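Q: Below are the features I grabbed from TrEMBL:
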- 15-487: domain 'Major facilitator superfamily (MFS) profile' (DOMAIN)
- 12-40: transmembrane segment (TRANSMEM)
- 52-73: transmembrane segment (TRANSMEM)
- 80-98: transmembrane segment (TRANSMEM)
- 104-125: transmembrane segment (TRANSMEM)
- 137-156: transmembrane segment (TRANSMEM)
- 162-183: transmembrane segment (TRANSMEM)
- 306-322: transmembrane segment (TRANSMEM)
- 342-361: transmembrane segment (TRANSMEM)
- 373-393: transmembrane segment (TRANSMEM)
- 399-420: transmembrane segment (TRANSMEM)
- 432-451: transmembrane segment (TRANSMEM)
- 463-484: transmembrane segment (TRANSMEM)
Amino acid sequence: MEFKKPPDGGWGWVIVVVSFFTQFLCYGSPLAVGVLYIEWLDAFGEGKGKTAWIGSLASGVGLLASPVCSVCVSSFGARAVTIFSGFLVAGGLMLSSFAPNIYFLFFSYGIVVGLGCGLLYTATVTITCQYFDSRRGLALGLISTGSSVGLFIYAALQRLLIEFYGLDGCLLIVGALALNILACGSLMRPLQSSDFPLPEKTALENVPDRYSIYKEKEKDPEENINMLEKSYIGEETCKSTLANGDWKSESLLHKNPTTMSRTKETETYKKKVAERTYFCKQLAKRKWQLYKNYCGETVALFKNKVFSALFIAIFLFDIGGFPPSLLMEDVARSSNVKEEEFIMPLISIIGIMTAVGKLILGILADFKWINTLYLYVATLIIMSLALCAIPFAKSYVTLALLSGILGFLTGNWSIFPYVTTKTVGIEKLAHAYGILMFFAGLGNSLGPPIVGWFYDWTQTYDIAFYFSGLCVLLGGFILLLAALPSWDTCKKQLPKPAPTTFLYKVASNSSNV
């Protein structure tokens, strides 16, 4: 499909607004799941580690399924995927209100809602990139704040709904709100070229030319038709002979108009069969070549030591950095902080500071004198110190202060694409970013249950957050060591020393005497 030149405005701003509200509606509840987490602990009486799987799956499944989400958006378009995903998110939230046990929530809230969020994220980012070019960074920054604003509002909203309608009523109302995603999706008008339509290409021509590297001789459609004709003529001759008992009747049949029309239909059919056979053979080989090239590019990416360090850092960051947004409310309850002291939910503080962090860190990344990779490393190291300080916080004020710091530093997600581009280049960004998001989803899925298991084992969050801080600190230091210029000296080709030259003087005859 050919797209028009990105308008960088016009209907594109409508796309930004609806994408903002789409992320607001779909990510609001999953990111503010810490409020529901406490209710599920009381309702089902399961351990903290097992209960934490609900929220971790809701955040991790969408990232783990990012390759599938990309294929869906490419195949069906952003509008269709958004409307379908709206049904997934709303249905999963409403279904969770009828959950008889925690295992049902693993499916309804963790997998169904999580997959819907992953599809919606891919759809909103894709269509925004199609509508914007020179202002793409601004547009993506605006829509990404939708999830942070959703976290800020839904944390207070869900707590209020639980007080008035209970946990089940809260999930039903939040699910009904998510149905507004369908209206947002209907406004995502695809950007298609209609002014100068190009002649349609066949499916075979749409396969990229750079993968057409086959050297062996292929039978073209004409040769395939000849082969079919030989077999068809022999078959028809046998049939006419058996039917009439005479070889001469064959010539009479060919003079029949009905037979002539059948012959034309047969030739058309043979030509179609031959063309499709040729197409299928070529497509199968080129699909195999695509797979080989993809594997080769993946291996080449991991040969880049900074990229290898980056995937370790993002994995460890999500293991250690994600649990506070899920567990901070329970940390306050475990520290005997009274509810009367809560001026604002801690999760709401994390949400609003995440939005601030995304904007400020994104602005800092645009300055040429700031190294974005080192800026990202700095956020990891400071976050690790803040995580290790959580066990010493025994009041609402200190917990609120640490929540604000953690939220601001979590905004480093806005500069992560910059870091990836700086590491692998713009040509390999899509491939590299998909791999990194897969490992980020894996870390999101494992982090909260690990912290919960530490609590179940020790009956305190102290060791759990020391472990979280150590993970983030380790990832930051690995990335820092890989990015230091002094480690690149081994790759740089030292100038080869000039070959030693020896000057010889031709001795004169008198000197030899």
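Glycine is no exception: its Cβ is also placed from the backbone N, Cα and C atoms.
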Q: Any chance you could find the range in 52-73, 162-183, 306-322 with the most Cβ pairs under 8 Å to the transmembrane segment (12-40)?
A: 162-183
Q: Most CB pairs under 8 Å with the transmembrane segment (373-393): which of 52-73, 80-98, 342-361, 432-451, 463-484?
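A: Stretch with maximum Cβ contacts: 463-484.
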Q: Cβ under 8 Å to the transmembrane segment (80-98), counting only same-chain residues 6 or more beyond its ends: which ones?
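A: Beyond its ends, the transmembrane segment (80-98) has Cβ neighbours at 22, 25-26, 29, 69, 72-73, 104-105, 108-109, 112-113, 115-117, 119-120, 122-124, 167-172, 174-176, 178-182, 184-186, 188.
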Q: Quick one: do the transmembrane segment (342-361) and the transmembrane segment (432-451) have at least 3 Cβ pairs under 8 Å, skipping pairs fewer than 6 apart in sequence?
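A: No, the stretches stay apart by this measure.
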Q: Answer yes if the transmembrane segment (463-484) and the transmembrane segment (137-156) have at least three CB pairs under 8 Å among residue pairs 6 or more apart in sequence, and no otherwise.
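A: No, the transmembrane segment (463-484) and the transmembrane segment (137-156) are not in contact.
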Q: Determine which recorded stretch among 52-73, 104-125, 399-420, 432-451 has the most C-beta pairs below 8 angstroms with the transmembrane segment (306-322).
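A: Counting Cβ pairs under 8 Å, the winner is 432-451.
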Q: Would you confirm whether the transmembrane segment (432-451) and the transmembrane segment (104-125) meet the contact rule of 3 or more C-beta pairs below 8 angstroms, pairs 6 or more apart in sequence?
A: no
